[in-house]
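This report refers to the structure that appears directly beneath it.
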């Protein structure tokens, strides 16, 4: 056990002025703190007052991240006290701004920075990390950060923010989480010229050297932390994201949140929307604006969900259309990747999205291309003309990249549109006086619960069925009252309960399918998983002190 000033410098141990007098004396920190004793609730109040005093979301982000560096328990106590308020600060949309200014906001290193020049030595670098038990890693190479593109080493803000939500929303213990940046350079000329840039100052290394780095990283991580260590890939460029997922998914315990997590939350929204449209998913025609990893991930999970309804895979694929930067994806068109070719149909080539919407007449329109304003007034009005209750998801992040706003959607569909977005939007009051609360299809509904479930049962590999199961659980947690208010997702205040239910369901299916590795199987799975959840309450550091009977303590001469 640390003592003295080291206790106050360790965010895992530090309680600030919540240390009792006895703790201060026993830990040799008496006199290193003001002669004041504050409870955790008073400390939360102090942080909230400072938070409210700030006017910039970036400054609020820095305030909270500084707190995480000082007092971990208090940081998570603050986050969980009002998750709906703080999630947009520690994650989307503010984390995107924080990544763009990461050099300016950088205070204290958090996570592991591994570069292309460290090949052959990654195992040694992992030994430098102070924690010997790591259950979850979020790793990025910074090439496709949200909808902002290549931010290189500045992308470290994403794994840090993601893992904060692993704990705040899922209860995964923070000391068992490790954010990792794989720095192979950046093609962002602005960053290469930025005097505050904290990463390697050269163009991205690609090809065999890049693949060798990834292979070594995966082998080193599992050698150090075990084959059941969860490795989440985050914000890799499209080409690498699919390739690496296919390469590693059956060898390691891994998933890609941009492909599979986004798919799960989008399908959850669609399943909830079906309770409004009163039909089946396989009755719908889906059009995607975008054909990257998010779109393809959603499309593949929709196919799986339609198959579960009894439709063949071929029939399900016929109901899905995609538009990329070159237009409608059709058979015979040039520049189609194998993943896109999967959803190419016999149709003439078309480029304009408004014309495509008029021609295809989709019942579901999903935007994941990070093109702000792509869903024009004409498109929204056409969707309302084709459908009694059009389903329109503007899932691109951050807010500036959203295909349309909630207000535009409700206005141009005359309040009939069923809406979900990737970033938060304020409630909208219709001319009728009804107030609608746009559903935010945030991946944070998915990955914390998935992580908790996977870690709790020691799941060996994470298949797409896990994400369809997760989508079903999320949709089931949406009440009729939520739907009447325009919400396609459970209120964020319930996200910890939702994550727990996801974890329990994943673990149950893992034990049923013999894919779990934590044995013996707990008799009460929910109670077992609850026992694994992180507590934000302070630990007591007073030594266990007691006395013996006086006769037993007599000194014999």
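Cβ atoms are placed via backbone N, Cα and C, with glycine included.
Note that the coordinates shown come from a computational prediction; the quantities given were computed from them, not determined experimentally.
Summarising the annotation, Swiss-Prot assigns active site, proton donor to 91. What Swiss-Prot lists as active site, proton acceptor is 162, and the listing cites a curator's inference. Taken from Swiss-Prot, the feature substrate binding site applies to 144, 162, 443. According to Swiss-Prot, the feature NADP(+) binding site maps to 144, 238, 291, 292, 293, 294, 325, 397, 443, an assignment based on experimental evidence. Under the heading Mn(2+) binding site, Swiss-Prot lists 234, 235, 258, citing experimental evidence as support. Residues or ranges marked as site 'Important for activity' by Swiss-Prot: 258. Marked as site 'Confers specificity for NADP' by Swiss-Prot: 340.
What Swiss-Prot annotates, mapped onto the structure for a quick look.
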residue	record	DSSP (3 states)
91	active site, proton donor	coil
144	substrate binding site	coil
162	active site, proton acceptor	helix
234	Mn(2+) binding site	coil
258	Mn(2+) binding site	helix
293	NADP(+) binding site	helix
325	NADP(+) binding site	coil
340	site 'Confers specificity for NADP'	helix
443	substrate binding site	helix
Candidate nearest the residue listed as 'active site, proton donor' in space, where candidates are the binding-site residues 144, 235, 293 and distance is Cα-Cα: 235
C-alpha spacing of residue 443 (substrate binding site) relative to residue 340 (site 'Confers specificity for NADP'), in angstrom: 23
Cβ within 8 Å of the mean position of the Cβ atoms of 144, 162, 443: remaining residues of the chain near substrate: 140, 146, 158, 234, 235, 257, 258, 261
Between residue 234 (Mn(2+) binding site) and residue 293 (NADP(+) binding site): CA-CA distance (Å): 11
Additional residues surrounding Mn(2+), by Cβ distance to the 234, 235, 258 centre under 8 Å: 140, 144, 145, 158, 233, 236, 241, 256, 257
Chain-internal residues near residue 162 (active site, proton acceptor), provided their CB is under 8 angstroms and they sit 6+ positions away: 91, 138, 179, 232, 234, 257, 447
Other C-beta atoms that fall within 10 angstroms of the C-beta of residue 293 (NADP(+) binding site): 28
Closest of 144, 291, 443 to residue 235 (Mn(2+) binding site), Cα positions, binding-site residues only: 144
